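According to Swiss-Prot, the features are:
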- 31-51: transmembrane segment (TRANSMEM)
- 64-84: transmembrane segment (TRANSMEM)
- 97-117: transmembrane segment (TRANSMEM)
- 126-146: transmembrane segment (TRANSMEM)
- 166-188: transmembrane segment (TRANSMEM)
- 201-223: transmembrane segment (TRANSMEM)
- 235-255: transmembrane segment (TRANSMEM)
Amino acid sequence: MAAESGKIDPMHQFMIEPLFGQGWSIAGHNIAFTNSAMWMVVTLAALLIFMIGGMKRDLVPGRWQAAVESFTGFVAGMMATNIGPEGKKFTPYVFSLFMFILIANIMGMMPTGVVGVHPFTVTSHLTVTGVLAVISFSIVLVVGFWRHGFHFFSLFVPHGTPGYMIPMIFVIELFSFLIRPFSLGLRLFVAMTAGHILMKVLAGFVINGINAGALTVAIVSIPSFILMIGITLLELLVCAIQAYVFALLTSLYLNDAINLH
């Protein structure tokens, strides 16, 4: 947390700062290695370690193997339910997407500040969530046109629509389809940003109350600290829910592309 004139800035946690390579550039664009890039690398490393550690095929699985199998089974079940047998082809992608978002969200909640390394939630930036959403949307488009050609546009005309309403319904459905990547990326970005701001604001109340004296500690700091614990637990739940929602919506969009409904 950054402080100016004794005040804590809840937005400082979202600042992207270069760690090294400040002078690196390509075509005039700076490509320094930032704290955001570092935490994405850490997230990918954690995901890789998690998967490698659980790739054993013991007859009696250990806790690590059981955890990996539980996550893969959960995503595979979701794909089978939402898409059907063909959903199995896309399970690796949706699983990777789900686990990356989940681990990135949780990494941003880790109390690494006690050892001098400030946590950074990469999913609190629209550039990251937007790219993930665009990748998913691009896959949906490729799958849809690859399987159905121009018949893919029939997705935007619900079965049984009266002929005179087709132009209007087509435009409405097409518009709702095109805003999917924006809503998908924006939802995750807003959820992670709002929760983290609230936690920092409450932390500021706690610290400023302590600095103000004993009476303020009792009136402000203690209630804020208790509330902050509750919000932190809720935010951990939000981390999992948002990863699930992102993966769920991706599977539903893939179902539209595959089954045209």
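Note that Cβ sites are derived from N, Cα and C of the backbone, with glycine treated the same way.
Counting Cβ pairs under 8 Å to the transmembrane segment (235-255), the stretch among 31-51, 64-84, 97-117, 166-188 with the most such contacts is 97-117. Counted as Cβ pairs under 8 Å, contacts with the transmembrane segment (166-188) are highest for 126-146 among 31-51, 64-84, 97-117, 126-146.
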